Amino acid sequence: MLEKRLIDAYGRPLENLRIAVTRECNYNCIFCHLEGDPIGKPQKIGTMPPELTPEDYSIVAEAASKIGITGFKLTGGEPLVRNDIVDIVHNIRKYAQNSDISMTTNGYLLEFYAKKLRDVGLNRVNISIHSLNRETYYKITGVDGLEKALNGLDEALKYNLKVKINASIVNGLNNNEVIELIKFASDKKVTLQLIELQPINAGSRQFNSLHYPLSLIEDMLIKNGAKVINRKLHNRPIYIMPDGTTVEMVKSYNNPIFCAGCMRVRLLADGTLTPCINWRKPGVSLLPRIRNKPREVAIKNAIDAFIEVNTLRRPYTLYNINTNQYITNNDGARLVLPKKSIKFNY
Ligand SMILES: Nc1nc2c(ncn2[C@@H]2O[C@H](COP(=O)(O)OP(=O)(O)OP(=O)(O)O)[C@@H](O)[C@H]2O)c(=O)[nH]1
Ligand code: SF4
Ligand code: SF4
């Protein structure tokens, strides 16, 4: 059995698994990427029963831990619409005892689940609060749910879950609300994570008019006295405001530096492993390899599936390097990163 982590052909380790536990969601955000699921958009509640069981996820967690995956992120759809979500987290924790287990949620149902999830071993939640203005929140999400999400946030903090606030920045809707969001994060003593729009699934509709470059916000933060540090995952810049509040930037759009620091694969809700959120070819189908098998066989098959999906990993956006971009001097060669990037055509 492998006990070490996998590395892809571009030198990127595989440390993190994003698990979309459902395609269903009680929201309908204008930019929903649904983790790149080819189904395209979130499904209404009750229309698409879950395919993987808590038992299946325990196999996934055991196999992933054996190949050095130490971060598990539960997403969807909205993970909290699964009424067995507590069992799922419990099972993952059982087989990934020392891992970071977190969830990304719209927060609508979090008030009910925060304590239960903490009790079975969830470490963190990222809660989407794209706006503190009820109408703007509604325009972005399609649901009048700001109050519920805020209650969910307070409940998560009450039970000592580590919290990040996710705000996807949409041109003309909330791009002028950043200072207010930072103040709110500061009051709650949590990190604010600003997310740049991506042209994936719903996000590709009206992308040009809704996209707001986060670089404009970064300039503003620097002018306001922020210092910056670098996070290993995706080489994300984290700005530290003068009062100590942290603002993390998720600038994935057309950004080779972001993809260079990618350390994750995805398990979609139908049991398909994919190497990238932009992957559109058939992925690695996990479910038939683990169902109705003795546990040991299922674990071995799941490890093989992880190895297979790892061979498919490549940075979706990368620099187009050519020899003219090497400048030499007497000390050797220096690489100058070109302004233009290219994309893998999946
Ligand atoms: N293109 C791309 N976007 C990503 C990737 N991971 C996260 N994102 C974007 O970042 C947003 C926020 O992600 P979250 O689910 O909150 O998790 P995270 O910030 O990546 O993970 P943690 O910092 O560990 O909590 C997602 O909705 C995506 O838009 C990735 O691997 N590729
Ligand atoms: S809450 Fe998340 S999964 Fe649901 S529609 Fe919004 S972005 Fe999509
Ligand atoms: S390779 Fe780039 S676009 Fe693909 S999942 Fe990783 S960071 Fe996202």
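Think of each number as a place in line: the chain as shown, counted from 1.
Glycine residues also receive a Cβ, built from the backbone N, Cα and C atoms like all the rest.
As written in TrEMBL, here are the features:
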BINDING   Arg18, Lys73, Thr104, Lys164, Arg264, Val265, Arg266  GTP binding site
BINDING   Gly77, Ser128  S-adenosyl-L-methionine binding site
BINDING   Cys259, Cys262, Cys276  [4Fe-4S] cluster 2 binding site
DOMAIN    9-232  domain 'Radical SAM core'
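Long-range C-beta contacts of Arg266 (GTP binding site), restricted to its own chain and to partners at least six residues apart, with a cutoff below 8 Å, comprise Leu17, Arg18, Ile19, Ala20, Glu35, Gly36, Leu273, Thr274, Pro275, Cys276, Ile277.
Binding of GTP is attributed in the record to Arg18, Lys73, Thr104, Lys164, Arg264, Val265, Arg266, and the widest Cα separation among these residues amounts to 21 Å. Under the three-state DSSP scheme, Cys259 ([4Fe-4S] cluster 2 binding site) falls in the helix class. The two recorded residues, Cys262 ([4Fe-4S] cluster 2 binding site) and Lys164 (GTP binding site), have Cα atoms 20 Å apart. Take the CB of Lys164 (GTP binding site) and look out to 10 A: across all protein chains shown you find 18 other CB atoms. Taking only the Cα positions, the spacing between Lys164 (GTP binding site) and Ser128 (S-adenosyl-L-methionine binding site) is 9 angstrom. For ligand 3, there are no nearby binding-site residues; that is, of Ser128, Lys164, Val265, Arg266, none has a C-beta under 6 Å from one of its atoms. The binding-site residues listed here (Lys73, Thr104, Cys259, Arg264, Val265) include Thr104 as those with a Cα within 10 A of the Cα of Ser128 (S-adenosyl-L-methionine binding site).
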